[in-house]
Amino acid sequence: MREIVHIQGGQCGNQIGAKFWEVISDEHGIDPTGTYHGDSDLQLERINVYYNEATGGRYVPRAILMDLEPGTMDSVRAGPFGQLFRPDNFVFGQTGAGNNWAKGHYTEGAELIDSVLDVVRKEAEGCDCLQGFQITHSLGGGTGSGMGTLLISKVREEYPDRIMETFSVVPSPKVSDTVVEPYNATLSVHQLVENADECMVIDNEALYDICFRTLKLTTPTYGDLNHLVSAAMSGVTCCLRFPGQLNSDLRKLAVNLIPFPRLHFFMIGFAPLTSRGSQQYRALTVPELTQQMFDAKNMMCAADPRHGRYLTASALFRGRMSTKEVDEQMLNVQNKNSSYFVEWIPNNIKSSICDIPPKGLKMAVTFVGNSTAIQEMFKRVAEQFTAMFRRKAFLHWYTGEGMDEMEFTEAESNMNDLVSEYQQYQDATAEEEGEFEEEGEQ
């Protein structure tokens, strides 16, 4: 079947990944020992998208965990589903990348990368028909960003025709963990533009906002944030794992969402999100889901879709619902908010419906949108990058690992190009010549 190899790198990637496996295991009825305790055959029908079957009927995640220091992996191992993973698939160094992209990409990471690739190869060879790779990592640190992008380019070389999908946590505007985030993020984006097929962009601040505003949590933990991300991650692939009326997979998603090869950075959202107390006061209907899904407050990255236009979007519905109603709602959204969709791609929302809803919900929807507003996020990182780079602040940490200033300049200009490409398509109209003719006729 259509298998996916999951790779998680660095502290952030491993924490999101661990949460993701909790969510997926729950959906498929698999307990922390890998034994199946489900209630429906559908849970096992395509379980091999994410799991290998081991002896004695145990299900083992097709996951590869990598990091340059043992800390996070130890906590994953000690976590609720830690015994689920295959011990050989933990690949870690001892030194750490120290939030330094160059260490992850060129020195420390480069030493470890071959052992990671061995595990990737082993997992890929065991697949029947490999659909692609999904990677969870952050762009602000050293391992997830530096080594993560190194891995992406190596895997790309070896499997050029497989889909490479990343869930990338971008440094958020107000919350900063490390001073050199803008450097690490810019160098990473430079790689992702060239080597990844689809990047789902997430940022902590937007996730915090969702937790405060919508879920009404007073003190959200990283666990809460990661749970939001996992819900969306599980939605992106649910069509591969469960039967549905309108199926979608990673490749269909890519074909429908990417009008130009470089513009593959997506915003994701998930609905319904309600605070625990107000759940019973809401009816879940397709119109209600659609409304929340397109709400700017629902986006998991700090860019406001109302400041740009959607090139394309995809709605992945889950649950029993009428296809007709979904189609009507999608048309409705496009007609009512036509100014937020580029008019030179007609019908630019793809929808798919999967019959099995997530645990505890009657219906849900995952939203993936390709909006030109995401340039706000790149602009923000670029400004911070330029401010430091102009003074060559902190550069010695990178040049000391053998990097060249030239590489920084290239990454900076690549990111600026990306921003202006988004802007160009935001301003483009369907018939630029056509407008003048109409004026003449009046």
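Just so it is clear, glycine is given a Cβ too, placed from its N, Cα and C backbone atoms.
Swiss-Prot lists Q11, E69, S138, G142, T143, G144, N204, N226 with the feature GTP binding site. As annotated by Swiss-Prot, Mg(2+) binding site applies to E69, with the evidence given as similarity to another entry.
Per-site Cβ counts within 10 Å over the binding-site residues Q11, S138, N226 peak at S138.
According to its DSSP assignment, E69 (GTP binding site) is coil.
Most Cβ neighbours within 10 Å, among the binding-site residues G142, G144: G144 holds that distinction in the structure as shown. In the three-state DSSP scheme, S138 (GTP binding site) is classed as strand.
Of all the binding-site residues listed (T143, N204), T143 sits in the most crowded Cβ setting, with the most other Cβ atoms within 10 Å.
A C-beta separation below 8 Å, combined with a sequence spacing of at least six in one chain, links E69 (GTP binding site) to F92, G93, Q94, T95, G96, A97, T143. In three-state terms derived from DSSP, N226 (GTP binding site) belongs to a helical segment.
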